[in-house]
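Data first, discussion second: the structure below is written as structure tokens.
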Amino acid sequence: MRLEDLARVVDPIAVRGDLTREINGLYCDSRQVRSGGLFFALKGVASDGHDFIASARERGAVAVVLEDETRAPCGMEWIRVGDARLAMSRMAALFYGQPTDGVPVVGITGTNGKTTTTYLVEAIMSRAGIPAAVLGTISYRFGSKLVPAPHTTPESVELQATIRDLVDEGAKAVVMEVSSHALEQRRVDSCRFDVAVFTNLTRDHLDYHRDMESYFGSKARLFTELVAPDGVKPRRAAAINRDDSYGARLVETAVAPVISYGLAADAAVRAENVVFSVDGIAGTLVTPFGTAPFHSHLLGRFNLYNILAAVAAGVGLGLSLDVILGGIEGDVRVPGRLERVHNERGVTVLVDYAHTGDALENVLKTVSELATGRIITVFGCGGDRDRGKRPVMAEISGRYSHLTIVTSDNPRTEEPAAIIKEVLTGIIPMGLREYDARELNRGFVEKGFTSLVSRHDAIRLAATVAVAGDIVLLAGKGHEDYQIIGTEKFHFDDREEAIAAFRSSDSGE
């Protein structure tokens, strides 16, 4: 594709050089540039792409899109724009043939519930006979193809290229998680969504966003800008959780017809006569397409909201109630979301991705409703991330758990012991007994807490003290199979660790 064709979609401020030059690829990482490539000099939080123009040129870049004309290279084609990220989004969509124009696209955003909702929407699509590709926190997948996801929502070039590949391989729909970072950085600005779904908004990512209003503002763009009906997709919808206070605001400002969902009597999609049990969720589903009983094997009130979100998305796509019911009642299993780990001791071991205060409380509420024995919770808080949620999560765990074991969770460049010290400030004032980890090897009676820097040791301790009827919750990492210490990533999987820990404690090691 010629550079002049790409330039037409970005309204450049200034251009220099031969715009008839052929472009063979788009890149925002100078290390990945290949011959004939167009490089985007993006300004980031920790680095500035303008500093890497020379490196990109050495690797074969023939042109650059930039914001700072004073950094423009001599003897190289360049295009100056006001927003390089927006330009990259538009150019990427054009370069890869506008892959979202011809298939239904469902975008799901919110603090919690995105991943489970994508799995449920995928199941509904499958029931309708529509093979759907899914892009999210766990993986990018379609059919037998599965690629681990480096980001919830990739940069716009990778996103458009991935969707192009999946559509070419036969995907007839796309279901994707849309992160606040992606919305803030315009990664999805050139995706044409048929349905935008809002799950909820609670504290998270305040290391990146200034405050909750900024966080909400990023999420809101999907509903106030990106789902507006247009000539390509004149019928679009916004599925919004109106029980959430931020969702209630979106209901009033969305630019597409709203399908509200929740438990309130005036929600367009709602559940009535709901019963929660160890077997799942049962009740009556009320939709604009009719009313019907339903049952799902998913557990807890928070998963009821995920189910309603998926139902609202199905309504937005115009799918029948029978199809929607068939999807949500199927065997939907989400890795690292209240995922059970088998053992021979009669202990219920659950691995969950809950890494925010709200998510942890939702999971622990569900666990406490199902528990017949004690609840032992192992969790930590990530380094180089929002520090404000650390004591909040500790207080929540202390409130619901009989024993809280605070440990590490991707400490990154922070000192693990320092993170744990901050976490403990939320549980120490509760007056619970503080155990030495070594004394817990003999078991415990009083409600309390302890800490271990090693997550491996923390999981082993939980396995040692648990008895039949107890529930052990390993929270924070879920599907992740790594631990980030410093700047290095090491293999670590809570599920594997739990299996080994219970096997070891069974044998008396």
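In case you wondered, yes, glycine gets a Cβ from its N, Cα and C as well.
In Swiss-Prot, the feature motif 'Meso-diaminopimelate recognition motif' is placed on 409-412, out of the ranges 233-236, 241-244, 409-412.
Cross-referencing R385, R387, R438, R503 against the meso-2,6-diaminopimelate binding annotation in Swiss-Prot, which names D409, N410, P411, R412, G476, E480, picks out R385.
Within 10 Å (C-alpha to C-alpha) of K219 (N6-carboxylysine) lies none of the binding-site residues G113, K114, T115, T116, N410, R412.
Here the motif 'Meso-diaminopimelate recognition motif' (409-412) has, by DSSP, the following mix of helix, strand and coil residues: 0 helix, 1 strand, 3 coil. Here the motif 'Meso-diaminopimelate recognition motif' (409-412) has long-range neighbours at 355, 379-385, 419, 455, 476-477, 483-487, meaning same-chain residues at least 6 beyond its ends whose C-beta is under 8 angstroms from one of its own. Candidate binding-site residues: T111, T115. Fewest other C-beta atoms within 10 angstroms, T111. Taking the Cβ of G113 (ATP binding site) as centre and 10 Å as the limit, one finds 27 other Cβ atoms among all the protein chains shown.
Listed in sequence order, the residues H355, G380, C381, G382, G383, S408, K477, Q483, I484 complete the 8 Å Cβ shell around the meso-2,6-diaminopimelate site centroid, once R385, D409, N410, P411, R412, G476, E480 themselves are left out. Put simply, G476 (meso-2,6-diaminopimelate binding site) is 15 Å from K114 (ATP binding site) when counted between their Cα atoms.
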